[in-house]
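*Asks:* Structure incoming, see below.
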């Protein structure tokens, strides 16, 4: 079926929308409506209106038609090609009877009418982009998905745009520029709508960019506020009560004084991961990436705040209520951007609003999401760069010989720069009170080298060689684990030959669905870890599965297939094995693990149902 592409408009806001905004009408009319609608829709089991199911990022569905007793009867219902190859991260949305599908670059968007068997394309949209973005994309040309609110679909593009489309027609409503590819800035993360604002981050921590989050009015596209990850307090947007309960976590002025000179201006701290929101507290949460450069000795002189940090901000103003830095003066590229899951857990006999975060540095953190109080922090993978997180000051107790240095090849650091897990989100089941976590099992050698900044050019400053876990002793590179965050213990685990780069969905049917990088889509019993069903797909899976009810009231499970991402870059770009340091170390470890012989590129959506 051929669909005519809609020609994008120039960067502009509709005149009448601007006029309404000038009179203050749009915000007052839509603020409650957009937020109330999403809060209602996220609770409907049959729909999937946010990338991680809900504001709390639990990736838990109450659907149970497909369960441990009948999942063996799961069969392919239909599939859909996205028209793009390379890595397919994130997942589709299902709003009402329409599924919204996205692709890797060039960032196609499709609306599929599910009332037609099996579907009909309602509309298709492909943005006009600056192709220079492909050259400055760090770790594949991925996109982690769309957002929905108030009859609109919000998308980001690799070249730094945030675009609003009419959800029913695909008509472009507005678009704004948020990132500048000439500086090495891109956008790979999914936006999140909170109230009448769409929140957008930025990628490019390997190019000396300065991380930030922006809020844009969902009706006009006008920017409401911009909050930087480091720099002067008025640009980081610290609230008057910032970290008041735990000043040892940092305070005013730290965005500059914990850096040497003006290095903070090239300080990374990008914001390309997942965002969550607590409507009751009116705070949204996200993490920041590694500081720039990877060579820590060029940043010597302090903690480099606020890189590798969890932020809690007020969505109306962007002001930070609290922040907690996980890896001070990062020396290993341990980005802190992974998802913030917001369960209420029983802590010392009391129900507590928590934030649970599985960090690249290998530690799983439990914090009180009201104040940033650290409740627990234990390794969820093998860690040898730090002994523990101190109960005295909430900082890692480092093992000195594992801190990297310029001109020194520090060997056997675990985990590697890809982390105990990367952005692939974990899931939480309220049935079990446990977390289901896709993990990596890899270590590395790391040598800092002096980096010189040129706008738009790589600003890495490290040579990294990666290999399997436990200093190369293991024969597997990943695992899917069930984890008790409060006890800091694994309940069960499934060893996978490749890193698990697919964020699971867990269901009331007692199942967890996830994919592997060699293309196996699996369903496991959440209580035991037993694999109950699996299906080989056309390409490696780095997408996050979803589940929904179709118009026929049947439960479906959907997932993208399309290998890529950081670990899969050798396959996605067809890179030779000659230089094991290429792809920031990914090429060597991918060939060592045998990924290029296990899968090839793709770009397909697969949808399954009971036969």
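A Cβ is built for glycine as well, from the same backbone N, Cα and C atoms used for every other residue.
When I checked Swiss-Prot for this same protein, it listed these features:
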type     : residues                                         : note
SIGNAL   : 1-34                                             : signal peptide
DISULFID : 138-139                                          : disulfide bond
BINDING  : 144, 188, 203, 204, 205, 270, 272, 360, 501, 566 : pyrroloquinoline quinone binding site
BINDING  : 206, 290, 333, 335                               : Ce(3+) binding site
BINDING  : 206, 290, 333, 335                               : Eu(3+) binding site
DISULFID : 414-443                                          : disulfide bond
*Asks:* Where residue 443 (disulfide bond) and residue 203 (pyrroloquinoline quinone binding site) are concerned, what is their Cα separation in Å, rounded?
*Replies:* 24
*Asks:* Taking the Cβ of residue 501 (pyrroloquinoline quinone binding site) as the centre, count every other Cβ atom within 10 Å, in any protein chain shown.
*Replies:* 31
*Asks:* Compute all pairwise C-alpha distances among 144, 188, 203, 204, 205, 270, 272, 360, 501, 566, the residues listed as binding pyrroloquinoline quinone, and give the largest one in whole angstrom.
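*Replies:* Result: 20 Å between the two most distant Cα atoms.
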*Asks:* Beyond 206, 290, 333, 335, what residues of that chain have CB atoms within 8 A of the centre of the Ce(3+) site's CB atoms?
*Replies:* 205, 268, 289, 291, 294, 330, 334, 417
*Asks:* May I ask for the distance between residue 139 (disulfide bond) and residue 206 (Ce(3+) binding site), taken between their Cα atoms and rounded to an integer number of Å?
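*Replies:* Their Cα atoms are separated by 10 Å.
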*Asks:* Using a 10 Å cut-off on CB atoms, tell me which of the disulfide-bonded residues 138, 443 is the least crowded.
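*Replies:* Taking 138, 443 as the disulfide-bonded residues, the minimal 10 Å Cβ count falls on 138.
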*Asks:* Which recorded positions are spatial neighbours of residue 290 (Ce(3+) binding site) here, meaning Cα within 10 Å, out of 144, 205, 414?
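*Replies:* Those close enough are 205.
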*Asks:* Just to verify a number: CA distance, residue 335 (Ce(3+) binding site) to residue 414 (disulfide bond), in angstrom, no decimals.
*Replies:* 15
*Asks:* How big is the Cα-to-Cα gap, in Å, between residue 206 (Ce(3+) binding site) and residue 501 (pyrroloquinoline quinone binding site)?
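*Replies:* Just about 21 Å between their Cα atoms.
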*Asks:* Compute the C-alpha separation of residue 333 (Ce(3+) binding site) from residue 205 (pyrroloquinoline quinone binding site), stating it in Å without decimals.
*Replies:* 10
*Asks:* Near the Cβ of residue 290 (Ce(3+) binding site), how many other Cβ atoms are there if near means within 10 Å?
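*Replies:* Result for residue 290 (Ce(3+) binding site): 28 neighbouring Cβ atoms inside 10 Å.
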*Asks:* So which binding-site residues are near residue 138 (disulfide bond), with CA atoms within 10 Å, out of 203, 205, 501?
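*Replies:* So the list is 203, 205.
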*Asks:* In whole Å, how far is residue 414 (disulfide bond) from residue 501 (pyrroloquinoline quinone binding site) when you measure between their Cα atoms?
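*Replies:* Between the alpha carbons of residue 501 (pyrroloquinoline quinone binding site) and residue 414 (disulfide bond) there are 18 Å.
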*Asks:* Tell me the Cβ neighbour count for residue 206 (Ce(3+) binding site), meaning other Cβ atoms within 10 Å of its Cβ, over all protein chains shown.
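*Replies:* That number is 26.
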*Asks:* What Cα-Cα separation, expressed in whole Å, is found between residue 272 (pyrroloquinoline quinone binding site) and residue 414 (disulfide bond)?
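*Replies:* Here the two Cα atoms are 23 Å apart.
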